[in-house]
Amino acid sequence: MSQQRGVNGLRFNQDQSCFCCAMETGVRIFNIEPLMEKGHLDQEQVGSVGQVEMLHRCNLLALVGGGSNPKFSDISVLIWDDSRDGKDKLVLEFTFTKPVLSVRLRSDKIVIALKNRIYVYSFPDNPTKLFEFDTRDNPKGLCDLCPSLEKQLLIFPGHKCGSLQLVDLCNAKPGSSSAPFTINAHQSELGCLAINQQGTLVASASRKGTLIRLFDTQTREQLVELRRGTDPATLYCINFSHDSSFLCSSSDKGTVHIFALKDTKLNRRSALARVGKVGPMIGQYVDSQWSLASFTVPAESACICAFGKNTSKNVNSVIAVCVDGTFHKYVFTPEGNCNREAFDVYLDICDDDIF
């Protein structure tokens, strides 16, 4: 994610009610509805930060050093407990021999991704290494972790090009080399991954970025193929709505796409779908479902997207947070109408400002 206005990285928390910014000047945390700053760590405390991950809305943060003036190394994950008194609020440290590329948290585990390895530790009390998985080259540290208490599913790239691995951390035995289930999702390298909050669905896109495929975690079968576009694109983010009725994605094309999952008839189809029998290559294109709705953000600014709180049964909202400091909220209807409801510059909001 390209850096602008001092923002090195952006992440939503597990229920998408907050987002956090890893910055050249430290860390800032924002509540989404209403939009307001929830807290911050300044540069004197933590230096410049490359990555930050929240644990729900609690006092624990996972930090990885980065940027131009880091206080901490990029081979370490530091756990910051903001509830502790005094200046020393670093309570845990996980150090490796290679750079940490991503961190995921749930209430009882922490997952840390390196270029060719995924580590899983118990968390936060007396952390113990539970699992270690080898992966093919994973330069973006792709992985996702289900936050559900019922399902402890972890997904990450498999050994085969375009494959993803699915591990049930509940059933696997700590310390064992439990073989993950493999889903052959794409023909080219994976570019983006997401798992829904219930742990029942996985979405993936390749680095080509034209298609998003949806899989059932129980049967590991493909359920639907969603078409973002025809031109290659780098996907920054895929997210499910809270009840998994919808999915959104953002890319370097500057468009946030919204797809229907529960009622896929709401998605648009290619006009060629009405033509009749076509060749196999065109057939694949015709069979794809196009987004129900979409909106644009500055194309030169990387962004993450997520679903907001439902305002009514027939109106849903999507939030886009960009590294240029802008915040966008759009509402959409099942008919595909999409309108901007809010815009702000979150980096200009202070502690006492409320949106």
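Each Cβ is built from the backbone N, Cα and C atoms, and glycine gets one as well.
Listed in Swiss-Prot for this protein:
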type	residues	note
REPEAT	2-40	repeat 'WD 1'
REPEAT	185-225	repeat 'WD 2'
MOTIF	226-229	motif 'L/FRRG motif'
REPEAT	230-269	repeat 'WD 3'
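Distant neighbours of the repeat 'WD 1' (2-40): 46-57, 61, 63-64, 66-69, 82, 105-106, 147, 197, 239, 242, 301-304, 306-309, 319, 321-325, 327, 342, 344, 346-347, 349-351, 353-355; these residues of the same chain sit at least 6 beyond its ends, with a Cβ under 8 Å from one of its Cβ atoms. Same-chain neighbours of the repeat 'WD 2' (185-225): 14-15, 140, 142-148, 150-153, 155-157, 161-164, 166, 231-240, 242, 244, 247, 249, 251, 259, 261, 264, 287-289, counting only residues six or more beyond its ends whose CB sits under 8 Å from a CB of the stretch. Helix first, then strand, then coil: DSSP counts for the repeat 'WD 3' (230-269) stand at 3 helix, 20 strand, 17 coil.
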